[in-house]
């Protein structure tokens, strides 16, 4: 039996309502085990935190490398103590672990509060309060108004007589509109606890899956002395966890999916880690430095053995070898020496760079969230940062892909006009004696009043004031899941046909003669994005069956057999819906019912079966007319697009709308100008000539223009329009011709030369395909996708940077994005200001880190030539350890958070400055080489400067000699001052914080050195630094030397800056000069 149970489980699950066994004759009772209703969104638990977190951290190459060095230091006798690399590594690991642990603890807290929510459960005919986490599959639950559903529930009955309830799903997909859910007719009479407890039924349904809008199941209800009744269940019966009950006193429902099986939990998928271009550059630079490190160690090891070749140098009289040393093989000796050199020079790879970059990104992301300019009063939200790893990527964008509806436009529909048989009606112009007179007129208006899923809400309480009787008529307003539908029903109201309510499955409308007409609603064929239409079947009071259908023109026209198609062809620039009807004879109606019920009861492939049934039913229409609904542009959308184009970005609009509407929006938002020459790559054109010819035509046009405009300044602007059908043809590799692979290339070539591209009629997946195509083209540009609806999620996840808009179509996009902003206009500041500044800051941070570590370690390398390659450290252990952690870490961290090399106003005013940082220009190899050479130059100055000062041995006034630690300390002092002052020279934007940190770090170094060398530390086994710093400062020449060396080191950089600014200024530098002049 065990196997049978297992097999059964794979396919579907059986739920026993109230845990009652089915009657013996019905079916085998197989109790199955389901997860409990606990939600877990945290990554770690108390005992797996340390191993799991350590594993995650050591997967980073740098951390792993430092761990290896640390182990080497523990195993062999090395020049520096293991503390020097162990401490920084421990610090880095601890800081990161604390940050991740804290984030996870917050998740645990959130989970706990959710899991301990009280829930009302029905047991033995009474309502019992229990914790949410104790719910099991099959429990019957009672939910009251404004409560949130504790798990995925199947609606059994509600306080409304017709068994419906209203729900908002804001936290799932962000749609704030009310949706209607239905109870199965056979269970809707069980309205009290006792009755619900007596219900005897089982539910069979599919295993949990993440699609929020799909559910397939059937319910078997057992009555005494009767055959069991089977009814189909669909998404309209399933209440999802996280949704809220509205407008309904209470409902009874049974738990179907609990805990991590709920659709909400299945949608928590973790996004793939996106890596920024800066991080890639950083890794490349690290590899270069690793090579430098290894070559240094190899050179020194080789030279050491060459130097020791003569006997008196190998074993001088004062330093005889031990027996063990003599017997070791030379290869092993050489290898340990090599490792010792590796340890000595290992600081050239900065371990703390990773921490600083982490902190910079983490803290820097708050600046976006705190930005007042990106706060939206209306929504009451500001920008949100979901991934802080991509801040600097915002400064590198080359392609912007935007959705149209709800992103460029407001998704706020207004009914403009309707056109019936070629007559146009405009709502407020009716009174001007426009007499409604055409056979189809009444039918058309009735169709729009009946064919929708709008609910009517009577006397809505607004701010706790009842909008009650208004001018003697009760007011009501419409709520629906789609803004188009409300606009249409309200438009009809203005044209004299009012939809009143749906009562006992009869729809009531008030016609223009103020008579109430009743239609019985028999079936609703719901809208879906593949069919792009919806239908209703109603029975009029005279008993005839009518099928009304409305949908996009492309999905209706092919199914029309009569009606004036030509006159109705869409008027430009508006969102048009066509309306058609067909009357059914009773025989046809019976057949239709049969087809629908068959499809609805199927457990497997119900979607396909329904689609086939719909396809058979929705045909042979008579066209009635079309309606036009307009969608307004968002404020400043045109200005934003213009700025982005000036900043050198290509803007592409990807939309599911039809070409005319989308093109009108593009002109309105200045994506296309009047002078733009439009190239069309659409289905209409490829039907006339082959795709091959069209593509070659277009590429000829574009390329010819390029060869001509080589001389002239005025260049022709091109705009490309492509639709979904042609796009799939371009992307599809066709077997017959060998040149087909080139379609992609040609298409890319054409689109690269166009200033703007519009893609219309795109399926959500095609949007992602386009982004992927551009991402993979040979320049590998950085892409950004911005959208507001669930249909944009795939494109947002595909692009390098995904931005969601918290708009009307829900929070789905905002949840899956890297950044979320309230409106499209905020994109301008996000990229041109924040992106630009973040990039400049992090570029300086990375280069500066490498620079200061070259300055730090190269003198150490030079020192080996003067100490017989004996791995003698130049600096004291404390200095080695603290150099990167405390002496030079804070100034660069603060620089990378608050530096503004150009004021925010200038950046906003002049978008072209963005081009200065495009294509990762501040982290190119020449710049990197300049910094490295500067570091090497400085290191030579420090070392040889100090060396030649020491040549003059009568250095102190009392004739004492200086030792090697004094020499090292002198070099170190010059080093710390030089690298800190170099940063001060690079700072453009001074605040008290900068002053405090830069001068504070230097002061801290001095005080620390005085303390470190002024006290005998009991825990140290050496006292080599005792009084060294004071003795050094007691000599005049040392002071002079320090000041002189710092000046010489900083001079070349200052000279280079001055020359470059006067002779070859960049746009950025001009802007800086302009600012100071004004």
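Glycine residues also receive a Cβ, built from the backbone N, Cα and C atoms like all the rest.
Caution: TrEMBL annotation is automatic and unverified by curators.
If you look up TrEMBL, you'll see 31-85 marked as domain 'P-type ATPase N-terminal'. Broken down by DSSP into helix, strand and coil, the domain 'P-type ATPase N-terminal' (31-85) contains 28 helix, 0 strand, 27 coil.
The transmembrane segment annotation in TrEMBL covers 58-76 (among others).
Residues or ranges marked as domain 'P-type ATPase A' in TrEMBL: 119-204.
According to TrEMBL, the feature transmembrane segment maps to 284-307 (among others). Distant neighbours of the transmembrane segment (284-307): 61-62, 65, 313, 330, 334, 337-338, 341-342, 345-346, 348-349, 846, 850, 853, 861, 864-865, 868-870, 928; these residues of the same chain sit at least 6 beyond its ends, with a Cβ under 8 Å from one of its Cβ atoms.
Annotated transmembrane segment per TrEMBL: 338-357 (among others), in sequence order.
The ATP binding site annotation in TrEMBL covers 403, 404, 405, 485, 527, 550, 575, 655, 656, 657, 761, 767, 791, 792.
The active site, 4-aspartylphosphate intermediate annotation in TrEMBL covers 403.
Per TrEMBL, Mg(2+) binding site is recorded for 403, 405, 788, 792. Residue density at residue 792 (Mg(2+) binding site): 31 other Cβ atoms are found within 10 A of its Cβ, drawing on all protein chains shown.
The average per-residue pLDDT of the prediction over the domain 'P-type ATPase C-terminal' (814-1066) is 90, rounded to a whole number. If you look up TrEMBL, you'll see 814-1066 marked as domain 'P-type ATPase C-terminal'.
Here TrEMBL flags 878-898 (among others) as transmembrane segment. Within the chain carrying the transmembrane segment (878-898), a Cβ under 8 angstroms from the stretch's Cβ atoms is held by residues 80, 83-84, 87-88, 91, 347, 350-352, 356, 359-360, 363-364, 367, 841-842, 844-845, 848-849, 852-853, 856, 968-969, 972, 976, 979-980, 983-984, 986-987, 989, 991, 993-994, 997-998, 1000-1001, 1004-1005, 1008, 1012, 1025, all 6 or more beyond its ends.
The transmembrane segment annotation in TrEMBL covers 928-950 (among others).
The transmembrane segment feature in TrEMBL is assigned to 962-984 (among others). Cβ atoms under 8 Å from those of the transmembrane segment (962-984) belong to residues 848, 851-852, 855-856, 859, 867, 872-876, 879, 883, 887-888, 891-892, 895, 938, 942-943, 945-947, 949-950, 955-956, 998, 1001-1002, 1005, 1009, 1024-1025, 1028-1029, 1031-1032, 1038, 1041-1042, 1045-1046, 1049-1050, 1053 of the same chain, restricted to positions at least 6 beyond its ends.
Counting residues 6+ beyond its ends, the transmembrane segment (996-1020) has Cβ neighbours under 8 Å at 876, 878, 882, 886-888, 890-891, 894, 969, 973, 976-977, 980, 983-984, 987, 1026-1030 in the same chain. The transmembrane segment annotation in TrEMBL covers 996-1020 (among others).
The transmembrane segment annotation in TrEMBL covers 1026-1051 (among others).
Sequence-distant contacts of the transmembrane segment (338-357) (same chain, six or more residues past either end, CB-CB distance under 8 Å): 60, 62-63, 65-66, 69, 72-73, 76-80, 85, 88-89, 91-92, 95-96, 282, 286, 289-290, 292-294, 296-298, 300-301, 842, 845-846, 849-850, 852-854, 856-857, 860-861, 864, 871, 873, 880, 883-885, 889, 892-893, 896. Every protein chain considered, the tally of other Cβ atoms within 10 Å of the Cβ of residue 656 (ATP binding site) stands at 22.
For the binding-site residues 403, 527, 761, a Cα to Cα distance of within 10 angstroms from residue 792 (Mg(2+) binding site) holds for 403. Distance from the CA of residue 788 (Mg(2+) binding site) to the CA of residue 527 (ATP binding site) is 20 Å.
Taking Cβ-Cβ distances under 8 Å and a sequence separation of 6 or more, the neighbours of residue 761 (ATP binding site) in its chain are 554, 656, 657, 658, 659, 723, 724, 725. Taking every protein chain shown into account, 405, 791 are the binding-site residues, and of these the Cβ with the most other Cβ atoms within 10 Å belongs to 405. Counting Cβ atoms from all protein chains shown, residue 788 (Mg(2+) binding site) has 31 others lying within 10 Å of its own Cβ. Cα-Cα distance from residue 403 (ATP binding site) to residue 788 (Mg(2+) binding site): 8 Å (rounded to the nearest whole number). Using a 10 Å Cβ-Cβ cutoff, residue 403 (ATP binding site) registers 29 neighbours.
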